[in-house]
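Per Swiss-Prot, the features are:
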BINDING   333, 334, 335, 336, 337, 338, 339, 340  ATP binding site
DOMAIN    710-785  domain 'Smr'
């Protein structure tokens, strides 16, 4: 992308804001160098990564990051066998610690946050165990070598502290005792890394030892008394050994780090990438920006787009479209109406999207991925070259014409301005014709009325204007696509009190062609406002319809789940009954087998036959059980079958199998998605029979089979809660509004369980104790939604 467009559209302001939101120095540097990409796949990947961090930031919160220095200079030194200093190793420890913390942070991320797109980055956060362990034991983030780095270092530091205490105690005898009168001040200080006292010059001989320094006046000598010479010598020796031990430790740590140069570089790079992406996510949140959708035909559809550098409380959102029905847009009208800002908004949002940033526009806004974006906006004449505004303008356009192609977005402010209006308009038309032949996407602003007709008589070209409020005599800054702009001079003059005869005379002086154009524009304005009002009404109605459809689908899904639950329960009960009867039948047969060789009384045989016949009848009853029959029928439907959709009470034809248990059914002119539990296959004989008028009596039938009262008295707690759950399901299916739960008073356990269940249920509107004459505290009245 050319640097000029970045400057014209103030892209640097965006990268500055991005860098300010980054935490680490490498990420800030990366933000400052951010440039738009012209590679579609790269842009798509960048936007998806920004989306991943946006979701993570919204759901989980900010990554545990803090600032660290670039590790590349350190790893480069390791590569040439150099040893690192303590500060460099402390920075490496910080980098590894951050990687470890982020790994732990992401361990319990909500499954709703899809981080697949950044897996290659996260895979680099593999912390080398040995290096991390040794660094953590030996050094802190500021580069301070710890006592735990080695046992020798710990011993030396203990000896240093002990010897230092001895020195201070010895020196205290000089500052606190009789010798203090010979001192300039009663203090102990250090010169040349040795402890000394400030002795008055005339009392030098009182102390012996070594003079290390003197004051500027020469009146004070800094003397190391002879009594502490050995202690100071020992201290210096211990300190020298400590420094040597620290060098050994740093060398040891550097050798370990040298084995993990690639890992260190990868981890630092991954942390930088995560911080950079998180900064993008923060910027999106700050700007209330949304994910742009990419188009492969280079079309733009920015919905309620806002210029990101204008005060959010003052900026006016605009719908900006280019591509699709038209590739060239001419924005006409007077100055200060917002034409230039509209151009800059389209261009800057396009640059942001191609940089992997979210854009300040509504969701589902679309942008292309352009190879180049060119702009000629504002007066950029060069004083050094002594060029006029028009010459500078032409130089920019000539440069654009040399490079333009079908993958180019061209933005030109006041095309052809700065010269004779007639010549300028002709030149503007010719330039536009050339750019259109190159299949570029073009947005231009102009004052020339001749270009209003250009928008009508050229294919894939449209006019646009900035709306003007005649009541307030001020621009609204709203873009109107399809309507050319005009000056509104006569209307403004009238509003300001100009004499009517003067205004009318001015109107008569206009050419018929200009007058006709203005009338056409006024008519288009009225039609557009009417169309906008109608569209808003339709969008509102569509939104309501979609929400209603969603609610109905949710209700249908809930209904199917409840029906399935009831069927499963019925099947379970049937299986239990069959198992018990089989067990009893087997027992009877076994008894008969045992007694076949023994004389049996006739009445016993009759009783046994009666029991077997009874079991057979019960089995037959189960075989004819409507619930189980329906269950069986529902599992035997296929594409083309005529079925009855139970939830609608209507018939239709299965047109598609969506999944193992879901089908698409055509009912008249509509198609619905249903579960196999919600359909009954219709035999051909039934489908060819004379159609009957459908009567929706389902609710009435269900109500007749459902009781408005449930008695839980005398039941165990678990049994009562199970029965309560099943009862609520059944009354919901039956459509009852109010029911009574009798739980008694007793210990209160059942009542507490009932109330806890009702509080947690989404289907309960409210509940309270029954009136005194209907059970009082021993019963609860429940109102269902």
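Yeah, the Cβs are placed from backbone N, Cα and C, and that goes for glycine too.
Across all of the domain 'Smr' (710-785), the predicted model scores a mean pLDDT of 84. In this view, residue 337 (ATP binding site) is surrounded by 23 other Cβ atoms within 10 Å of its Cβ, with every protein chain counted. Note: the domain 'Smr' (710-785) comprises 36 helix, 19 strand, 21 coil (DSSP; helix = H, G, I, strand = E, B). Look at residue 340 (ATP binding site): DSSP puts it in a helix. Neighbour list (residue 339 (ATP binding site), Cβ cut-off 8 Å, at least 6 residues apart, same chain): 331, 333, 413, 445, 466.
For residue 333 (ATP binding site), the number of other Cβ atoms no farther than 10 Å from its own Cβ, over all displayed protein chains, is 26. Among the binding-site residues 338, 340, the residue whose Cβ has the fewest other Cβ atoms within 10 Å is 340.
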